[in-house]
Amino acid sequence: MRGPVVRGAAVLRGLALAVGLASVTVTATAAASEPASGPASESAMRVLSIGGAVTEIVYALGAGDRLVGRDTTSVFPPQAAALPDVGYIRRLSPEGVLSLGPELILAEEGAGPAEAVEAIEAASTPFVIIPDDPSPAGVLRKIDAVAAALDMPEAGAALSARVEAEIAAARAAVTAGQSRGQSEGIGPRRAIFLLSTAGGRLMAAGSDSSAERMLELAGARNALTGFSGYKQVSDEALIAAAPEVVVMMAGDSTPTPEALFAMPALAASPAAASRALVVMDGLALLGFGPRIGQAIRDLNAALYPAEG
Amino acid sequence: MLTATDIHLSLGGRPVLNGVDFTARPGQITAIVGPNGSGKTTLLRALTGELRPRGAITLDGQDCARLPPAEMAARRAVLPQAGAVAFPFTLREVVQMGLSAGLSAARPEVVGQALRAVDLAAHADRLFQELSGGEQARGHLARALAQVWEPVVAGVPRWLFLDEPVASLDIGHQLQVMALMADYAARGGGVIAVMHDLNLTAMFAAQITLLNRGRVEAAGPPGAVLADRPLSRAYGTALRVNVTPPPGHVFVLPQTAAAV
Amino acid sequence: MVAIAHREAPPRRPGRPAPGLVMAGLALLLAVAAGVGLFQGAAETSVRAALWGEGASLRDHVIVWDIRLPRLVLGALVGAALAVSGALMQGLFRNPLADPGLVGVGAGAGLGAVLAIVLGGLLPPAVLAVAGVWTVPLAAFAGGWITTLVLYRVATRGGRTSMATMLLAGIAIAALAGALTGVMIYLADDRQLRDLTFWGLGSLAGANWAKVQAGAPLMLAVLLAAPVLARGLNGLALGEAAAHHMGIPVERVKSATILLVAAATGAAVAVSGGIGFVGIVVPHLLRLVMGPDHRGLLPAAALLGAAVLILADTLARILVAPAELPIGIVTAVLGAPVFLWILLRRRALLEV
């Protein structure tokens, strides 16, 4: 059985990108560079943050200097990458975590294994689980939970309000574009999200994936349905989907539009005719962190270049 | 005394033994001879309990099928035809295994004595796998010998079952091993051997069973069995005993060796 | 062709050390490994204070008593169980390359674990509440056992187990398990996929006293029972027929070996995932040093397997601290070159 699991590892590398391991273009958002606005908490000065979006929120709250460690998925803002890495979110080493001497651990939902969490809690280190729901409301709940755990209610409220406003503004722009399109008899664009094209095998996002949520938030429709999560899809299914635009994450293995649209599955698609390939930073696009408003705006602009 | 009555056995759906009767007495060598495929080895494997034939086999009055393996191991040792040894065991360790399976297990000096008996004392600490084919055959013989080292224990004979014990040996070691078997028998043990070499068989065996296509062609002392008619019938070619070849042919007979 | 060489004495085998000496050396190695494993780790810890209860901080107490010690004990047990299982399988199949995977226990355990990881969420909540974090280990153990029993049934006719049939059926079952695992990988979401990969690589990261309590009885029982089979496996080295002639209850030895291996490997895989190479390299190394006699080999394999796994786990814990490597990576990285070296040495030996 080892064979298939190891083969699965190649697939996993791609999926890891989807959950936020993507190499990040260095563009610090306004949030990250803003100074701390809330009063610094006296409690929990040594914080370990586990989960890419959680770490981003900690920095956005201005509490980045309290961090003593992070997990593998925490790669934004760039200074986070300099922190000690306690490994993958699902495979934490209890002793590794305790060795950083954290007074508070913020962990995105799904952190584990359970035995590690038990051992960490036995050392009476608070282990706060931050709910993870890939939706705009979920982002706000994440911010509230992190701010509460860090004892920074005011900074939390401010960040929450700002992100909420950014989402609302982005959504308003999206809706405006949609109604403009409707008046011209054009529906939402048919888009697909490709996780990986390695070896000519196309891994795409189906229903209930975070990529599909983002496509919808940005005013597009996922052209691929009938499966959930990220799966390898057949060439014929892609031809049948006839996408008007292809969205991918930035990375070393991202193909050029020429190479991508030379693939038989996409060569005949409307997207190929207009060379419509959108490449975005992975963590911003799929992380559902504080940069979500900007991400919706960017994706929308890239999806509808004419209206931009 | 070993008695087998009306032995029938099929291997892979093909009948190999068709009603064989066989008797062997302690104190002498009993040989099983016959052409290739006549069932010699199969008969020996049936007698050792390795195969379960139809028919009755008793060893000194006891039903072999009912004796547990450990009890059988104390009463008889077996030298199979070819035995590859897995893992780098030394010759000494292999002989030691035989010794520990028998009644002399508490006498470690038997290992050396058994190796001397087969002329391998100098090779005791070599890896079994590194020995030549003939040396390996004698090594296995030493192992079997160590298992039933005393030919008679408490008045009950021990038995050696040997499948072609001299097949891969040079003529010198052939005679040595045959003498060893004869000595074991002379001291009261039973020896049953599948043989190919009819001359050696004639020299050392007291009783011979000649098999032909799974049946007994002839059985009795060498003079009766190794005769023109039964041999010609069994081997499918005209054979004549005690006739020297025409002048000009060279032949070497073990019978001409100095007393061993 | 035979008699020519026999009178001149060939070079004697370089003397093998006495088994007692080897055993003492291995026990010392295990003690050192345990010491290193206990005192080394990602966290600066006052181990002595925690051990003797002299005012150690709660954190140090937890690190020593709830993290390092159970991990040490579990590592020793798993290492010993894997090495002894390997030695048993090699003895049974008369092949130094055999490993417990040959009786399907690896494939079955893997499939069980994968099923539990991917489909575990579909179990009724009541079952999940009872099984809890044990769902995956239990499924792995059950998978290993069921596969082994099926293979055993397939290979056994009229009271005789055919090793060749077992080997071939094992390949078929492994292929089937591989295909089902592939289906599960297709169904899995990204987090489950990550879990699958890590499970396949093995780790002692989840060690705690509950796991020790669950796995120890079975593994200890097998470790204690294995030496009983030593004489039988020695005999099997001469072939099944020869073993039978030497009074060894061959069929009983074979079935006992298979069941012991399934129990030990199943338990080890259940608590630590798949850890490769220990079962092949450890017995092989010991055969080179002390010879193949199973009476010494089996206890020595337990000692060396335990020491090797503790050391490998210590490396896994400190190399990329505060994160850690899956231990299967460490054993493979260390084991594969050693294994190649052994093969090269062996070939030189055979070609001389």
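Cβ atoms are placed via backbone N, Cα and C, with glycine included.
The annotation transmembrane segment is assigned in TrEMBL to C:21-43 (among others).
For the transmembrane segment (C:69-89), same-chain residues at least 6 beyond its ends with a Cβ under 8 Å from one of its own Cβ atoms are 30, 34, 37-38, 98-100, 102-103, 204, 207-209, 211-212, 215-216, 219-220, 222-223, 226, 229, 233, 257, 260-261, 264-265, 267-268, 271-272, 275, 278-280, 282-283, 286, 294, 297-298, 301-310, 313. Annotated transmembrane segment per TrEMBL: C:69-89 (among others), in sequence order.
Positions annotated as transmembrane segment by TrEMBL: C:101-123 (among others).
As annotated by TrEMBL, transmembrane segment applies to C:129-152 (among others).
Annotation source TrEMBL lists transmembrane segment at C:164-187 (among others).
Taken from TrEMBL, the feature transmembrane segment covers C:217-238 (among others).
For C:258-285 (among others), the entry in TrEMBL reads transmembrane segment. Listed as Cβ neighbours of the transmembrane segment (C:258-285) (distance under 8 Å, sequence separation of 6 or more from its ends, same chain) are residues 74, 77-79, 81-90, 92, 96-97, 99-100, 103, 105-106, 109-110, 113, 136-138, 140-141, 144-145, 148-149, 152, 161, 198-204, 206-207, 211, 214-215, 218-219, 221-223, 225-226, 229, 297, 301, 304-305, 308-309, 326-328, 331-332, 334-336, 338-339, 342.
For C:297-319 (among others), the entry in TrEMBL reads transmembrane segment.
The annotation transmembrane segment is assigned in TrEMBL to C:325-344 (among others). Within the chain, the transmembrane segment (C:325-344) has long-range Cβ neighbours (under 8 A, six or more residues past its boundaries) at 198, 200-204, 272-278, 280-281, 284-285, 288, 308-309, 312-313, 315-316, 319.
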The transmembrane segment (C:297-319) versus listed stretches C:21-43, C:101-123, C:217-238: most Cβ pairs under 8 Å: C:21-43
For the transmembrane segment (C:217-238), distant same-chain residues with Cβ under 8 A (at least six beyond the ends): 77-78, 80-81, 84-85, 87-88, 91-92, 94, 246, 248-250, 252-254, 256-257, 260, 263-264, 266-268, 292-295, 297-299, 302
Cβ contacts under 8 Å made by the transmembrane segment (C:101-123) with residues that lie 6+ beyond its boundaries: 89, 93, 131, 135-148, 150-152, 166-167, 169-170, 173-174, 177-178, 180-181, 184-185, 187-188, 192, 195-196, 199-200, 258, 261-262, 265-266, 269-270, 273-274
Chain residues in Cβ proximity to the transmembrane segment (C:21-43) (below 8 Å; excluding those fewer than six residues from its ends, i.e. six or more beyond): 59, 63-64, 67-69, 71-72, 75-76, 286, 289-290, 296, 299-300, 303-304, 306-308, 310-311, 313-314, 317-318, 321-322, 324
